[in-house]
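So that you can see what the record holds, here are the features copied from TrEMBL:
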DOMAIN    85-521  domain 'Major facilitator superfamily (MFS) profile'
TRANSMEM  180-200  transmembrane segment
TRANSMEM  206-227  transmembrane segment
TRANSMEM  239-260  transmembrane segment
TRANSMEM  266-284  transmembrane segment
TRANSMEM  350-371  transmembrane segment
TRANSMEM  377-400  transmembrane segment
TRANSMEM  407-427  transmembrane segment
TRANSMEM  433-456  transmembrane segment
TRANSMEM  468-488  transmembrane segment
TRANSMEM  500-517  transmembrane segment
Amino acid sequence: MSRNTKSWIFFNKSYTSNRMVETQNVEVDEDDVMSKTIGDYGKWQLQMTFLLALVNIPCTWHIVSFTFQAAERHVTCARSNSLENTTPILWNNFTQATDHCFIKNVTHVNSSGYSDVSASLIKCDEWKFEGKGDTLIKEFSLLCDREHLTNVADMTFLAGVAVGGLVGGIFSDRYGRKRMLMCAVFLQALLGTLIAVTPWFELYVILRTILGFISVSVVFSGFVLTVEIVGGKWRIVSGVAYMFPVALSYIMISGIAWLLPHWRHLQFAISLPGFLFVALWWILPESPLWLLAMGRTHAVLEVLRSAAKYNKKELPDNLDKQLLTEPDLQTEKASVFDLFRTGRMRRTTFLLCIIWFSLYLLYYGIVLNLGNIGGDLYVNTVISGIVEAPAIAISVPILLRMGRRWPLSITMLITGVSCLLTLPVPYIFNKQWIVTTLAMVGKFSISSTNVIVPIFTAELYPTTIRNIGVGANNVSAGIALILVPFLWDLKYLHPTVPMALLGACGVIGGLTVLFLPETSNLPLDATIKQQRSGRRMSCTRKVPKRVSA
């Protein structure tokens, strides 16, 4: 999972009333529970956002770590005991066959060649690896007829991420953001530690699959809680700020992997810090908006009183009575089938599935294969993190000023074109730095896309099915994730095939966005019924002007 992930949920409970102000075609809800009590943003929200963002760091580590733990190294067949005194040069020149899977069956090697010119080929059963530390490939002998198991391990982890996105969203809606988050944080640290001591590769695959399921639940629940404790435009700012540690995580994991080349030591290093975050159970609040939707007004009051005290705000005397009059959105039962109930919902879901599939194939196709684009894996990962930070930062003014649809389309198209431009470079310039630069331009652009897509998606769905909608689209993203490990195997057909496919996905995804409406500064629908009677879907709507404070 930047790796974000990297996939993110934006969940914004919007409570409407009869008191609506319409200015320049934009409806503003004056009765937003966060804004009218503790303020849109303050010291309390800043502190909580910072703590929640930190929880996101181990998630990125677990997603990217496999790139280092299963890194390819130069490997040769190990010499037998009778030939252990043979120099490496003679051994490689006279006994190695076409690859490291077979070797000449000889008993003696000298400067003029091997003793038996008619020696047959036999399978290697031991190998010698260059470089320091043990990788998964070395310890579990994932070579030759077992080489495909590396992709299987990566694929099952990403399949867990895909399923976890949907199931985690359902659990988060049912049991609360905080409960889901903290349970997932503890299980993530526990599973990561167990993986570090597993003696069998089969058990490693099983545990890492569950880890993928849990890790995406940490990301989703944390993101939801982050945006639900703030109000107004700060939901965008806070949601984007939650993603900033992703960039830092890339740089950190590269340094940790360089210092700890043994895959087990690396696994311990990225797992054990997770236990420290369990202490956040006594610090983090439950989402006031989720509590309000569940009708738990006394719990809402406790959270708001604590936040108001920290923000130095005065709560209204009759707040408890006002909260009791808020509409209960849970009266409309939600299910996955609601995503296909109306023609508008079916169309929106279908188009978003294409966009999410393209996004994830592009983002993780680049992030999880930094070693395949050429150059040093550690350097590429650091550059990737450096590129990600400004890409996330510029997303804030873009979202606030330019809307969602056009920035999303443009960033996906830029990524697609950058990937396509790498195709002729080896034949025209033969310069690796040009390929790396183009790949990082694509990484920069798709990182911005990765911020915009979940926000845009959530705004297209009504509140009662928002988590389900984003989770369902994560399934299509999950299919892309499952394909990512095999994407770069297509280079054996032709070296340009992987980047050509990524480029095509960027172009298709960017054009698909234009068939969806703009959502910036428009009121969010609370129910499907409300959406039916609300604004009509238009692919040409201009970005509304912002309402002045």
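The backbone N, Cα and C atoms fix where each Cβ goes, glycine too.
Caution: TrEMBL annotation is automatic and unverified by curators.
Below 8 A, the CB atoms of the transmembrane segment (239-260) and the transmembrane segment (377-400) form 3+ pairs separated by six or more positions in the chain. With a cut-off of 8 Å between Cβ atoms, the residues of this chain six or more beyond the transmembrane segment (500-517) that come close are 348, 351-352, 354-355, 357-359, 361-362, 365-366, 405, 408-420, 423, 442, 446, 456, 460, 487, 490, 537-539, 541. Confidence annotation: the domain 'Major facilitator superfamily (MFS) profile' (85-521) carries a mean pLDDT of 82 in the model.
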